[in-house]
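Visitor: Here's a structure for you.
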């Protein structure tokens, strides 16, 4: 189909995450095969305590990706009415199981349950999604730790597209414990100058427009528009908002943003595939670590 | 002495920390007396493994402040050649001692020792200077934890002078694990929009000039000058740099900054006194917590 110039304008250079995700998954498959051959098949456990449809879809996609790469994936499905104690007990059981190498606590959680609080029951050596507050603290302090996969995926995506970070200004929109805050630490560790914005930021567009890189991780469809982005900025979209049609939409309004940004990451196909691949990489690394400690 | 207009210009409204520090210390003395009367004299332990003169001065000032407020203060002096294992063992011993309620690991440390790594041996319930990575992670995740006293003192000082934080832009200069990073989390928790700058920030003055509040925590004498500060900004100076004359100098060049800032905190007499008072407050709170758990 022939494109009009206006339509061509509306398509920005895309920060495709799939090539890097494929590389990572090939590396993971190689290590998984090696470990399985040594009698340590890497195993990821996912604890779910919700009937939320988009969560179920996401967990199935992790399980499929794990199996494709030669990892075992076990899903512990708890009742959505589970008490925090029951969830904590399951996380502790999996942490103590020597056959399990990675443990993920999937959100949303039953009312009254606080993810970071429960995740303290995940052994840091198996905390492949960096959910235990100890992992976050170690990350912030520059000590070895698993970072939350989504936060790390943003950095991997930028690295894959050779976007330099040292000395660059980055606006992170969203201050969640799972993305915004750990991402700020990863970016500081890479010598970026980092501004964390959020729902109470007084003039969001004025702040993000000044940044060379904008990372949208607020969980609000279309929050970031052309007026939020400086000329030539790089925009990474972490949003995975379910649409009424059963699809996935990011936090970035691509059409208006594209007119100013140098590049925008797509949803789906940007941060998402790398996130899944990193969860698997963390799990095979955890399995290798467990094996080395046991030998 | 009569001031010339130029000299008057050079004296900015000062964010004096002593009135708030005195309030805090009165509160601490009251609780310490109560606890002592109940048979639980609050006790702070400080581990030192350096012969650094300014550190010795600082530790003596903590001990004096503790005694004045009715707390016991025990200083464990280890040799500057101590191994990380020896320091870790001392922190673990103090953490296990029921008569000790607060444990501080004083920096600098012997070569090869990493403060955040060693501080993992401090029981989080006694980690009154928020040095254990678990405390930092819990702080970042919004869970109850002791914050590093210096970082918390910045917020206390701003609160004492009724500087609103919600929706304000704050530039934190310095990304240390003991001040810059935990301060960023405290400020985010108060709904500020926070930019963390550091030695690799490309154009520091351009970044800090846009902030309504500038916090200098880089540990470099006179780093922040008039050109780094926007008209009417509030400037907090966390620097405690020893001068050749044996005094203390901040990170802020007060003379040039004063011409543009609405207020600047002094060094000494700004963040410092509040920091010490907060260390004592954390210790009496830890003692009260230990007593309540024991009853």
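Cβ coordinates come from backbone N, Cα and C, glycine included.
Unlike curated entries, TrEMBL annotations are predicted automatically.
I grabbed these lines from TrEMBL:
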- B:1-20: region 'Disordered' (REGION)
- B:15-129: domain 'Tetrahydrofolate dehydrogenase/cyclohydrolase catalytic' (DOMAIN)
- B:148-288: domain 'Tetrahydrofolate dehydrogenase/cyclohydrolase NAD(P)-binding' (DOMAIN)
- B:174, B:175, B:176, B:240: NADP(+) binding site (BINDING)
Visitor: What mean pLDDT does the predicted model reach across the domain 'Tetrahydrofolate dehydrogenase/cyclohydrolase catalytic' (B:15-129)?
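Guide: PLDDT averaged over the stretch: 96.
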Visitor: In sequence order, which residues at least six apart in the same chain have a CB under 8 Å from the CB of residue B:175 (NADP(+) binding site)?
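Guide: Sequence-distant Cβ neighbours: B:181, B:196, B:197, B:198.
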Visitor: Using a Cβ cut-off of under 8 Å to chain A, which of the binding-site residues B:174, B:175, B:176, B:240 qualify?
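Guide: Listed binding-site residues meeting the cut-off: B:175.
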Visitor: Within 10 Å of the Cβ of residue B:174 (NADP(+) binding site), how many other Cβ atoms can you find? Include all protein chains, please.
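Guide: So the number of other Cβ atoms within 10 Å of residue B:174 (NADP(+) binding site) is 23.
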Visitor: Which residues in the same chain, at least 6 apart in sequence, have a Cβ under 8 Å from the Cβ of residue B:176 (NADP(+) binding site)?
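Guide: Those within reach of residue B:176 (NADP(+) binding site), by Cβ under 8 Å and sequence separation of 6 or more, are B:217, B:219.
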Visitor: What are the sequence-distant neighbours of residue B:240 (NADP(+) binding site), meaning same chain, six or more residues apart, C-beta distance under 8 angstroms?
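Guide: Looking at Cβ-Cβ distances below 8 Å from residue B:240 (NADP(+) binding site), excluding near sequence neighbours, one finds B:58, B:248, B:250, B:267, B:268, B:272.
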Visitor: Based on the record's binding annotation for NADP(+) (B:174, B:175, B:176, B:240), what whole-number value in Å is the widest Cα to Cα distance?
Guide: 16
Visitor: Summarise the domain 'Tetrahydrofolate dehydrogenase/cyclohydrolase NAD(P)-binding' (B:148-288) as counts of helix, strand and coil residues per DSSP.
Guide: 54 helix, 26 strand, 61 coil
